[in-house]
Amino acid sequence: MSSAANPSLEKSPQLLLQLAAITKKFGPLIANDAIDLDVHKGEIVALLGENGAGKTTLMNILFGHYVADGGTVMVAGADGILAPLEPGAPQAALDAGIGMVHQHFTLAENLSGLDNIVLGTEPIFRLRRDRTGARAKLTKLMAGSGLNVDLDQPIHKLTVGEKQRVEILKALYRDARLLVLDEPTAVLTPQEADSLFATLRQLAATGLSVIIIAHKLAEVLAVSHRIAVLRGGKKVGEMATDQADRRSIAELMVGRDVPVSRRSERAPGKPVIGLRDVTIDRGDARRSLHGVNLMAREGEILGIAGVSGNGQAALAQLIAGLDRPDVGSVEIFGEKVTKFDAHQFAQNGIARIPEDRHHDGMVGSMTVAENIAIEDVRSRDYQKFGFLDFEAIRKRAEHAIADYDVRCPGPDAPARLLSGGNIQKLILARVLEKSPKLILANQPSRGLDVGAQSEVHRRLLEAREGGAAVVLISEDLDELLTLSDQIAVIHAGHVSAAIAAHDIDRSELGLMMAGQKKGDIDFGPDNFESSTKPREKTDENAPRSGDPA
Amino acid sequence: MEIIDILLTANFWAAALRIATPLIFGVLGALICERAGVLNLGIEGIFTAGAMAGWMAVWLGAGLWGGVLVAALAGGFFGLIHAILTVPLGLSQHVSGIGVTLLATSLSYFTYRTALPDVSSPPRITPFQPLDIPILSDLPFIGPALFSQTALTMLALVMVFVTGWVLYRTPLGLAIRAVGDNPSSVEAQGLSVYALRIGAVVAGSSLMALGGAFLTMSAFDAFFFGMINGRGWVCIALTVFASWRPGKALLGALLFGAFDAFQVRLQTEVGAFLPSQVFLMMPYLLSIAALIIVARKADYPKALLVPWFKGQR
């Protein structure tokens, strides 16, 4: 289909959307600089760019969340004639047939899927709601698009993939002719992503136009007809997908060569941390672990793959000394831990790169220098007669800022002024300067742009070279496969045995993340129900009991 | 034995419902505000304003229902102040609410004193009289307990049903429940977050004011200083107890009313050897106990207290 897309579009160039010279400024920052973009009927356009390139801003202007400072948005009506869209009015965008699926879902979690979809579609002052009509229309839509979801469940009981389906149904229910998806695959397993793309292609074939905002190349190459690349608020390139080449797009996006992280061969050393049959039951699946066995060794990166919310938080808390196992034990350098205390763990050389860097990684109102020293205020190096030695703290901060290229106004600036990438560098500076024995890196590059991401990867590999053990918790398969020596998969609190990274392939990993057992991979004695079921029936769907090999 | 006797009299249940009436209005009002994501600590002041405005309107010659309308408008006015400060301006809902309570209370006292500079005893109006509904009021037990109340108590019971219907059966209620959980969900569907929240706070505040009006126009026949006496704060607690549901709100208010009616009767029975303050404490202590049990599992509207600004996510 994609190969035929371009010529066929030229034959029937029915323009659906025309963005012309869209400009938007936030203070001194030019988020969108005279961007043009056309979308035709039945076309899937990928909007590519790094964080901060202006993709989301552009789409928020289209949807009326922001008002552009300049430029026009024209949308074709049912008659195919372009008409300007009223700026700053989501209702106008909805009426024009534009549906948007935000990266952070805009669903009320206390309401059912049906309620969320119907919300705002009927006149608000009415004595009754028409649920039967809505249900009939949705049943038809679901059958036609393959977007199946239980409409009566409250949203908070649905999986991420199901929530996304509700979001798409929300747009289709309003007869959207253009669907905008902001980073739709960020939260999906590879199988869920494939199934989403299949649905999108099917919908495009029936005439729906789609814009996908993404920063991952591989997936948009698979699904889109055309690619537009944004960088620094400008459109720097546009091409038909079948004529696009991966490397040149990457350079267009970043604007320079991206250094590729390479792992050297290295034999692992002694075990640093070991978990033996650890069970933590907190009633909530996100905070529970079931019979987990893990070991991280010196000079080794142990990747923990999994869709977030499957017990990673519990694992991270445990390794950081913030929680204790109900059953089982933890050993550090072969010694059984008796006292679970974060300070004690840090003293033992365990460094923590927390998942939520803004919330758990720093104190926004404190200065950069204070944030760098915050884990060591008990150390004599930063004290003088029992008081904090600000001179010493400042000196360390200045070193850290220089060594780790933390872009900030200075050591005395409040940390909240820093961008996400620079906050992460600040955290790296804090934890890596102490040459830790074990680094717990929880989603270390999530939300960072390619530059900052490669910096994080370089530092982690450097620490590995230096003999540190790294536990890398991540949802990003590329990251895991590039960095890890061993990979274990976490699902619903169960952790698989670690497998050497070069023995594993992406689709296998994806299936395991979705909770499927495969061959010799053993999640533990008890069967668990998978919450996210991949659609594709492949050999991997081996029976749960018996010997699949 | 005596305790059982107390619980079995229609008189006791009539008193419980009477005491519960202002709380029913208050809890319904508070839960409408909170369902939309706005905590309204102006409630204590809005009670005072409703009590004072309704009474004064009648004293100045308006009819009783005219007084009720004036009270609702006064409540809506102070609700609007709170809504503007907290919704589009996004100020702290706690600070604004307490500010509205201070403002509304003081303004009510000020108006009262300005209108009546030198009266020793508060002037009286003719309040709502107990209804005498043919047949229903003559039923044994139920008649005196339920159908011999004043019209405002009946209105409170009707409002429980109306609030429930609006919240769960109408598109408006759906939007209010959504905006209190995730305002972005409402905006993404083309509805105005501000309009919904402001509307809910104004409507909720009007209902609260009726609770005040009940005190001066039905339970008593005059306005006194300090007559609200913390009833507004009790409503805020009862809202949590009710899990933001109108039906449970009625239950909570009745429970509190029953405790209060019970302690008054208990005082006369066993008051000889216990100080009366112990009995006065009882409804509050029991409310706290009930709250602790229920509120531990409270499922707060997720956007409660969280200001929302357009174009920011």
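Don't overthink the numbers, they just go from 1 along the chain as shown.
Glycine too: its Cβ is placed from the backbone N, Cα and C atoms.
Annotation source TrEMBL lists transmembrane segment at B:12-31, B:38-58, B:64-87, B:94-112, B:146-168, B:194-216, B:278-295.
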The transmembrane segment (B:194-216) versus listed stretches B:38-58, B:64-87, B:94-112: most Cβ pairs under 8 Å: B:64-87
Seg_contact(the transmembrane segment (B:146-168), the transmembrane segment (B:38-58)) with at least 3 CB pairs under 8 angstroms, min sep 6: no
Selection from B:38-58, B:64-87, B:278-295, the stretch that has most Cβ pairs under 8 A to the transmembrane segment (B:94-112): B:38-58
For the transmembrane segment (B:38-58), distant same-chain residues with Cβ under 8 A (at least six beyond the ends): 22, 26, 29-30, 64, 66-68, 70-75, 77-79, 81-83, 86-87, 93-94, 96-105, 107-109, 111-112, 115, 125, 197, 200-201, 204-205, 208-213, 215-217, 222-223, 227-228, 230-233, 235-236, 304-305
Positions whose Cβ lies under 8 angstroms from the transmembrane segment (B:278-295), at least six residues beyond its ends: 234, 237-238, 240-241, 243, 252, 255-256, 259-260, 262-264, 266-267, 271
